[in-house]
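Here's the structure, in structure tokens; my notes come after.
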Amino acid sequence: MAERTHACGKVTVEAVGQTVQLKGWVQKRRDLGGLIFIDLRDRTGIVQVVFNPETSKEALEVAETIRSEYVLHVEGTVVERGEGAINDNMATGRIEVQATKVNVLNAAKTTPIIIADDTDASEDVRLKYRYLDLRRPVMFNTFKMRHDVTKTIRNFLDTEEFLEVETPILTKSTPEGARDYLVPSRVHDGEFYALPQSPQLFKQLLMVGGFERYYQVARCFRDEDLRADRQPEFTQIDIEASFLTQEEILDMMERMMTKVMKDAKGVEISAPFPRMTYADAMARYGSDKPDTRFEMELTDLSEFAAGCGFKVFTSAVESGGQVKAINAKGAASKYSRKDIDALTEFVKVYGAKGLAWLKVEEDGLKGPIAKFFGEEDANVLMTTLEATAGDLLLFVADKKSVVADSLGALRLRLGKELELIDESKYNFLWVTDWPLLEYDEDADRYFAAHHPFTMPFREDVELLETAPEKARAQAYDLVLNGYELGGGSLRIYERDVQEKMFKALGFSQEEAQEQFGFLLEAFEYGTPPHGGIALGLDRLVMLLAGRTNLRDTIAFPKTASASCLLTEAPSPVAEAQLEELNLKLSLKEEK
């Protein structure tokens, strides 16, 4: 078999007159009665191959048997197309290949999905036949983008003198957040490894080990409820460094992301990135990962609501809640009563009891709650919300967390529906000064807002024992267009501070020693100050490639139920395998 001389998408007018050897898949076959045209595809693109009896009867006879997705080896001569046959939509649209020989390397059944960017296949079918789905150019281009992003990051970190170090996949189960995936040990009866949720502890131990600068393209595993932007196994760019301040880490990440955007996407972005505290983000956007590509910020009306005539507002404030509103500029005529009812049902998903609304008309406020506001109150509302005729005012009165969640989500929905979002923008943002701990009323205990190894502000360390809810974290999240790209922090590196953190989280001294004794002991051998960040590679690629589903950036992803439709994993295993592991199944009976 002759070697391939050209990739299909790279045969240009410079090759006219040359004999070329091409290999690829049949994208399309057209029989024009005596002439057969085949679009031959490989990962670089498509080239048109012509089978003409005047050139080769033998090649034409073979071409008559060829169908879509057959794998071919074609030998032929490159010729220029006639003036009326030029296709400027193709890189190879000015030439075609007159076939002199063709060899069918492999035949193909009729594929269950159309191999084209615009496929009509359902996602389940695409996942079941993922190897066919990956043939679509849009999928290849996504993974080329992923490769380019990863290569740029590796090159950047190499110039910054970081070492790429692999950390264990089989490790110890520790209570860090989500459920662990467990792996039974054959050698140690009744004991289990866990797949890592992140390399957090190992990268800190590498800092104890004096490596100073580490990174890893790390596989992580979390057994949690899945959403469109979550997978049970995912990849993060894991970075840790000793002796750097928070400012130095943020500056380095800005330089890295600027290079990624330029090299992998061809987009120039400016640094430093804007910064916003966690409290400010929640107050203004109702989200800890705000999309700043459009306005429509939340406005706090609690002070006004406390003295107004609308009892729903006043009672919310009196019970310790708040009232906030968003002004959808010029949207009054675009939302009917039925549309607003749909918005009301939408905010209820986020815990809101309802959605109050007003439309601003030339002669004042109109809507179900307009009667509760006299002229003076109406003027205050209009002024506070910067409202003018044609605006739609939307209010939620409830607990602070419910107000933030519901209005934050409503803001994003309105931004999309009103086409306020400039999709060409890439708005990076740092969200800083996070709370260190969050209180869970159901569990009646504190949980780490990020993870238990985050360093509090020095002046807040004592609050861990007196008022944990007031302690602030030296933590930072990188946000892009309303998505959390990653999170990081300075880490605790002193045993006494780490023990105070564990105590605030409800660990007894014995529990802390049992779970994290190896880390606590490591802190007694001269641990340097250190910090880092972990960036979600899958999510970053999703945003840069313009995809809407994280699964499109992972070669062989899982479904929302954490199953693989291609391999049918997870699956039962043989009884003999369980016996080797000294395991017995005790399945719950279906009710």
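Here the Cβ of each residue, glycine as well, is placed from N, Cα and C on the backbone.
Annotation comment: Swiss-Prot describes G84 as site 'Important for tRNA non-discrimination', evidence class sequence analysis. Under the heading L-aspartate binding site, Swiss-Prot lists E176, R222, H450, R491. According to Swiss-Prot, the region 'Aspartate' annotation covers 200-203, on the basis of sequence analysis. The annotation ATP binding site is assigned in Swiss-Prot to R222, D223, E224, Q231, E484, G536, L537, D538, R539.
H450 (L-aspartate binding site) is 18 Å away from R539 (ATP binding site) when you measure Cα to Cα. Using CA atoms as reference points, the binding-site residues E224, H450, E484, L537 were checked against G84 (site 'Important for tRNA non-discrimination'), and the closest is L537. Within the same chain, residues at least six positions away from H450 (L-aspartate binding site) with a Cβ under 8 Å of its Cβ are W434, A473, A475, G487, S489. R539 (ATP binding site) falls within a helical segment according to DSSP. Most Cβ neighbours within 10 Å, among the binding-site residues E224, E484: E484 holds that distinction in the structure as shown. Note on the region 'Aspartate' (200-203): mean pLDDT across this stretch is 97. E484 (ATP binding site) sits 17 Å from R222 (L-aspartate binding site), taking the C-alpha atoms as the reference points. Following the DSSP three-state reduction, the secondary structure of G84 (site 'Important for tRNA non-discrimination') is helix.
Here the CA atom of L537 (ATP binding site) lies 22 Å from the CA atom of R491 (L-aspartate binding site). Within its own chain, R222 (L-aspartate binding site) has G177, A178, R179, Y181, Q197, P232, F234 as residues 6 or more apart in sequence whose C-beta sits under 8 angstroms from its own. Pairwise Cα distances among R222, D223, E224, Q231, E484, G536, L537, D538, R539, the recorded ATP-binding residues, top out at 20 Å. DSSP assigns R491 (L-aspartate binding site) to a strand. The residues of the region 'Aspartate' (200-203), classed with DSSP into helix (H, G, I), strand (E, B) and coil, number 4 helix, 0 strand, 0 coil. Around the Cβ of R539 (ATP binding site), the number of neighbouring Cβ atoms within 10 Å comes to 22. Between the recorded positions G84, R491, L537, the minimum number of other C-beta atoms within 10 Å of a residue's C-beta occurs at G84.
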